[in-house]
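As recorded in TrEMBL, the features of this protein are as follows:
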BINDING   Arg78, Arg103, Asp130, Pro131, Met132, Leu133, Ala134, Thr135, Gly136, Gly137, Thr138, Asp203  5-phospho-alpha-D-ribose 1-diphosphate binding site
BINDING   Ile197, Gly202, Asp203, Ala204  uracil binding site
DOMAIN    5-210  domain 'Phosphoribosyltransferase'
Amino acid sequence: MRVIVADHPLITHKLTYLRDERTDSPTFRRLAEELVTLLAYEATRDVRTEPFSINTPVAPTVGIKLANPKPLVVPILRAGLGMLEGMVRLLPSAEVGFLGMMRNEETLEAVTYANRLPDDLSGRQVYVVDPMLATGGTLAMAIEYLAERGARDITCVTLLSAPEGIAAVEQATRTISPPVTLVTGAVDERLNEHGYIVPGLGDAGDRLYGVV
Ligand SMILES: O=P(O)(O)OC[C@H]1O[C@H](OP(=O)(O)OP(=O)(O)O)[C@H](O)[C@@H]1O
Ligand SMILES: O=c1cc[nH]c(=O)[nH]1
Ligand SMILES: [Mg+2]
């Protein structure tokens, strides 16, 4: 797995406010959206394009446009929804599929409770968005699932990642065929005994949408 830590000062600045416990929900949502736009710039560096002929007012020229099939963006509900708008703003022609997944807070194992994705992902570039990569169970399960359906390559965009989670996803993706890339805003110190990222930002879903 290729890991890109996009530690641009603007990203780290916005992440600092996002982490701050005093940041309220509306501000948290706005910052998450702004952050994903900055991360998406890095994450889409290898998006597939094809030549596109146009005429400027001065001369004909050949540029590029996104190739077909268009990329698929997959937010992992709930917290990934907070990154969807920023992602599709940058990729307006992308399609969107949904995976609903939650961690069992006792066992820390991921459970899938919703799935609305095209059956056949052959040839598709897939961008998975979820703010948090903690133990890695959720992302590993999502990646395996997308690979089984034939995704051509899979790029995961997270705001924060734990070293333990990166190692777990690396291990889990060792045997799958599509290339996997992780683009993250920061790699934090560790996980605590409850599986939360330290220093992290708490529960991203709760901070975006309220405590469940
Ligand atoms: O790497 P892991 O240990 O699997 O943890 C990461 C997952 O935990 C959070 O979701 P959560 O289960 O809290 O669901 P929510 O988005 O509905 O709050 C987060 O958004 C990831 O999906
Ligand atoms: O720190 C963490 C770990 C998992 N999920 C979160 O929302 N935050
Ligand atoms: Mg949560």
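Including glycine, each Cβ sits where the backbone N, Cα and C put it.
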- Students should find that the Cα atoms of Gly202 (uracil binding site) and Arg78 (5-phospho-alpha-D-ribose 1-diphosphate binding site) sit apart, in Å rounded to an integer, by 14
- Item | Arg78 (5-phospho-alpha-D-ribose 1-diphosphate binding site) versus Ile197 (uracil binding site) - Cα distance in angstrom | 18
- Query: To which of the binding-site residues Asp130, Asp203 does the lowest count of other Cβ atoms within 10 Å belong?
  - Reply: Asp203
- Item | Cβ neighbours within the same chain of Thr138 (5-phospho-alpha-D-ribose 1-diphosphate binding site) - under 8 Å, at least six residues apart | Ile76, Met101, Arg103, Ala110, Asp130
- Rounded Cα distance, in Å, between Arg78 (5-phospho-alpha-D-ribose 1-diphosphate binding site) and Ala204 (uracil binding site) is 9
- Want to know which binding-site residues, from Met132, Ala134, Gly136, are within 10 Å of Asp203 (uracil binding site) at Cα; which are they? Met132
- Task: Could you check which of the binding-site residues Met132, Ala134, Asp203 have their CB within less than 6 A of ligand 3?
- Result: Asp203
- Task: Out of the binding-site residues Met132, Ala134, Gly136, give me the one sitting nearest to Ala204 (uracil binding site) by CA distance.
- Result: Met132
